[in-house]
Amino acid sequence: MATLSDIGVAAAINILSAFAFFLAFAILRIQPVNDRVYFPKWYLKGLRCSPLANGAFVSKFVNLDFRSYARFLNWMPAALQMPEPELIDHAGLDSAVYLRIYLLGLKIFVPIAFLAFTIMVPVNWTNNTLEHSGLTFSDIDKLSISNIPNGSLRWKFIALSFLRKPRSGKQLGFFPTPRFWTHLVMAYAFTFWTCYVLKREYEIVASMRLHFLASEQRHPDQFTVLVKNVPPDPDESVSELVEHFFLVNHPEHYLSHQVVYNANKLSELVNEKKKIQNWLDYYQNKYERNPSKRPLLKTGFLGLWGESVDAVDFYTAKNERLSRDISLEREKITSNPKSIMAAAFVSFKTRWGAAVCAQTQQCRNPTIWLTEWAPEPRDVYWENLSIPFVFLTIRRLIVAVAFFFLTFFFVIPIAIVQSLANIESIEKALPFLKPIIEVKVIKSFIQGFLPGIALKIFLLFLPTILMIMSKFEGFISLSALERRSASRYYFFQFINVFLGSIITGTAFQQLNSFIHQSTNEIPKTIGASIPMKATFFITYIMVDGWAGVAAEILRLKPLIIYHLKNFFLVKTEKDQEEAMDPGTIGFNTGEPQIQLYFLLGLVYAIVTPILLPFVIVFFALAYVVFRHQIINVYNQEYESAAAYWPDVHLRIIVALIVSQLLLMGLLSTKEAASSTPLLITLPILTIWFHRFCKGRYEPAFVRNPLQEAMMKDTLERAREPNLNLKGFLQNAYIHPVFKSADGDKIDVAMEEWEVEPSLIATKRTSKRSTPLSSKHSVSSFSSPEDNKERSKP
């Protein structure tokens, strides 16, 4: 078990690591050659140019202005200066609200830590229960609830007066002894404070979202609905069927539509061509540097063996072949009706019309003509649009089973990590290992630092695996993929990192007690040992939350990749922009990690308050670092207007309920089961509070008020009466592989509008026999002007 000295060693290592990362970042960020690595967002916005232009730097690669080195920490106050409204305009509401999660952690835990250290820590310290328990413990554990003697909340009953008159003459009733009263009162205080802060934050974020949507500029997703599971019709193509259905059922608001193509193979070819083009650029640059020697390439596996050929000619031929394949595949997609999926993006003349369609059932059969708000064009995950609707349920069942086994088998590495955190207990059970690991410095390093870094390594590839699972499930937007991956990541960490560490850690930590005690005593041993696992989580917080956050700002991997690309591939200014990798916040990994700290803080606030300062340092440090990254680095792929906040709120509520249930279980093992009636009301009140917030604030995140939509439509008609909305929406939801570099539809993609009418005309003359009104609705067609507009090529 990690002692106070072990924690000190771990703290020193992580503080020095964090300071080294900050110092390296402060030096690297002011070098001209790294400017695009540490300020890519400003370059993408066109608001920053090379630092060489202002003449402040004498060298192209090194900053020779020595005064700037003296101000190496000025990025911290600079990151805090931008006000929140300006931050929303600069980075979007998603990024601004994401930062509020860190502020929420500070608002919750700073007052809780103050109360815990002024009230509960003295109560825990002034006991000597652990010294007489026979359990393995450290000085830190004396500050936990484990040091409170059993039965300190025993209700004593005084006989009724008609049976036995009290000698003191006092009224009859119950009264407890005082020790656990402190923890019970603090549990109520912490719960009420957390709920109050959550309600205020939910109210603020909901208001921010509504204001953002009301003041947002015109975007295609405000007018567009995604229609899925379009029923097949032998007389009509998907495009014709969609057009007729919405002309009949939304005659006054329907504007246009874009069918969804299965262009996955074409997308693969385009991506492969980009890779080949990069290799061609690399060898061309290499040849230009040394024209006397043509670069050679072996055609075998990984270029290790095989026939040697001219590299430039090889990749030029391969690039031309891929160009021909891409052209043929485009023609095949646009001319083959089987390439059209049973889905379409349908655009409306008004936001009000789109809101009505997206939030209502379109057909008597609830399984067809399914409508939902279309993601914004940047948010669409095009590969999954080609998955037939009927396969989605099967895919999600497969992923659920796979995730269950992934979660279950990950207990093995968690047990290995916990074995590293409890060397002393293993020495007691397995004495022959003692000479190997008894060296004091090595043991302090292993117990204070290695468990946290080992767990971090084990979790390194987990987000990628979970994202692959989410993609396989078939979600059609990047935001939905990230939210589903985040939910699974949080559940995985709750089961394995939190519960798994506690259970396996307790087994290793008290292994000697388990072997030599009766079965009835094991629950009491577990109850006393759960607070002691705070030492392991403290080491993990320092590794992941201190050094890990500091390493994030250094951006070592993007720095190396940028310079490699800049040296081998970059020719033009456009190539230099493509070499930049600004990255994103990474909601699928960042938010679940934050939630783990909420869980640890709320659970251990009562039982081991010494953990709280480490959590507070994480929230404060991460807020500054990620605010800087959001302002200068990250380029968010999409904007969901903080649609993820209900998930954030729910997970904090879950953490709060878990902390209450664990406290109830812990007190029951300490012969204080009579406290259960007092504690059982806490989870009940918390669940009621969540239901209140869900009904009061969540609708703002899942539905678009018709009143707001009508208001924006009215203002827009007054300000822009001649707006060509159809031209604005025409190319918004075209698959990216059908677009040229400047974002317009290329000539091959235009064949969609040339081929499709001919297919419709053929089917109309040969197969159509059923009246349109009987197939779709009793409503009539739109006006002749609409039909005339619709017939235009």
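Numbers here mean position along the shown chain, with the first residue as 1.
Any Cβ shown, glycine's included, is placed from N, Cα and C.
Because TrEMBL annotations are produced automatically, they should be read as predictions rather than curated entries.
Copied over from TrEMBL, here are the features:
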- 6-28: transmembrane segment (TRANSMEM)
- 7-201: domain 'CSC1/OSCA1-like N-terminal transmembrane' (DOMAIN)
- 101-123: transmembrane segment (TRANSMEM)
- 180-198: transmembrane segment (TRANSMEM)
- 222-384: domain 'CSC1/OSCA1-like cytosolic' (DOMAIN)
- 395-667: domain 'CSC1/OSCA1-like 7TM region' (DOMAIN)
- 397-421: transmembrane segment (TRANSMEM)
- 441-468: transmembrane segment (TRANSMEM)
- 489-508: transmembrane segment (TRANSMEM)
- 596-626: transmembrane segment (TRANSMEM)
- 648-666: transmembrane segment (TRANSMEM)
- 672-689: transmembrane segment (TRANSMEM)
- 764-793: region 'Disordered' (REGION)
- 773-783: compositional bias 'Low complexity' (COMPBIAS)
Of 6-28, 101-123, 180-198, 648-666, whichever stretch has the most CB pairs under 8 A to the transmembrane segment (596-626): 101-123
The transmembrane segment (180-198) versus listed stretches 6-28, 101-123, 648-666: most Cβ pairs under 8 Å: 101-123
Integer mean pLDDT for the domain 'CSC1/OSCA1-like 7TM region' (395-667): 81
